[in-house]
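Enquirer: OK, Swiss-Prot features for this one:
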MOD_RES   34  phosphoserine
MOD_RES   119  phosphoserine
MOD_RES   120  phosphoserine
MOD_RES   139  phosphoserine
MOD_RES   155  phosphoserine
MOD_RES   159  phosphoserine
MOD_RES   190  phosphothreonine
MOD_RES   217  phosphothreonine
MOD_RES   290  phosphoserine
MOD_RES   298  phosphothreonine
MOD_RES   325  phosphoserine
MOD_RES   353  phosphoserine
REGION    102-417  region 'Binds the NDC80 complex'
REGION    111-157  region 'Disordered'
REGION    170-198  region 'Disordered'
REGION    350-417  region 'Required for localization to kinetochores'
């Protein structure tokens, strides 16, 4: 092979390699090569994020649907329970209405009403309600021909609840007022009081049976009182009554003698002290005199008073009972009702006048001698035209309240009250 030709081939292949490398380097410089390599990874990441977002949305929708389904199931269960309760209540109401003569409408009437509600009001006409004059008759419950006339509606009776024995006979009720409708007329004609088929039970008359219980008064033994313990339960009231009866009898002291202070006894009473009975009797309104005003006496101090020194004279008011004897008012063994304060201090002598010590002497001391003139007086003398120069201090006259040697100290003792 020609060496020149082989050299040109090698040079041509080198030039192509250089061109490819140059282009790759240019793309690397421009960033096109990196974008091309990362584009697939970026696209994969975007797809993954979108899938994750869609998955989260689907999960949220599923949770919401699950909650709604749970709520719907709870609602359905509650509706079923309510339907059962309503059906039971409807059955009870139907039985209650049927018990008092209520009859439900026939199926034909309900089907007719259903057709009328579904169809237009102008074209919907029921077969049974073609004539307007028969509407009132059709509104009433249909009665079979073979059956007897049923009992009309009536108010509940005690017999309906099994309380026949508490039924009280009643007079015939006042007839209702006539109305236009035939239904009200028929109902008023067949009232329970006028209907001969209705039997009004009379009040049962039965004798009071005393077999079950006995109405017996309580025995005295239950309260601790009996014929054997009667004398032991007597109180002071009975003793006082017995004491009054003994006083009123001639056995009591006569001629101003005092009642015995020993214990008074009777056959059926306890021994009661005599002074206690006398004191209780003196407290009675019939034997009480008006009390004297008390006198107050303080030992060691005499208070001059404008009133007379004579004692107050007691005034004896007349007793309410003229037949009362002086023995009823004697009270030797009892303490008097009024205590005189003078009697408590009779043993005490009049106290001596208190001695006045040196610190209690209220004589006025001699006034001090002024040797220097104060500054405020000097200022006053400076502006006084009558005095050219200050003069010697003269003896000042005594002020009010200063006493001489021969003057009594009575007025000086009260100088604090000036």
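Every residue gets a Cβ built from N, Cα and C, even glycine.
Quantities reported herein were computed from a predicted structural model and do not represent experimental measurements.
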Enquirer: Cα distance, residue 298 (phosphothreonine) to residue 155 (phosphoserine), nearest Å?
Expert: 95
Enquirer: Roughly how many Å lie between the Cα atoms of residue 298 (phosphothreonine) and residue 159 (phosphoserine), rounded to a whole value?
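Expert: Between the alpha carbons of residue 298 (phosphothreonine) and residue 159 (phosphoserine) there are 94 Å.
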Enquirer: Using CB atoms and a 10 A radius, I'd like the single residue among the modified residues 155, 159, 298 with the highest neighbour count.
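Expert: Answer by Cβ density within 10 Å: 159.
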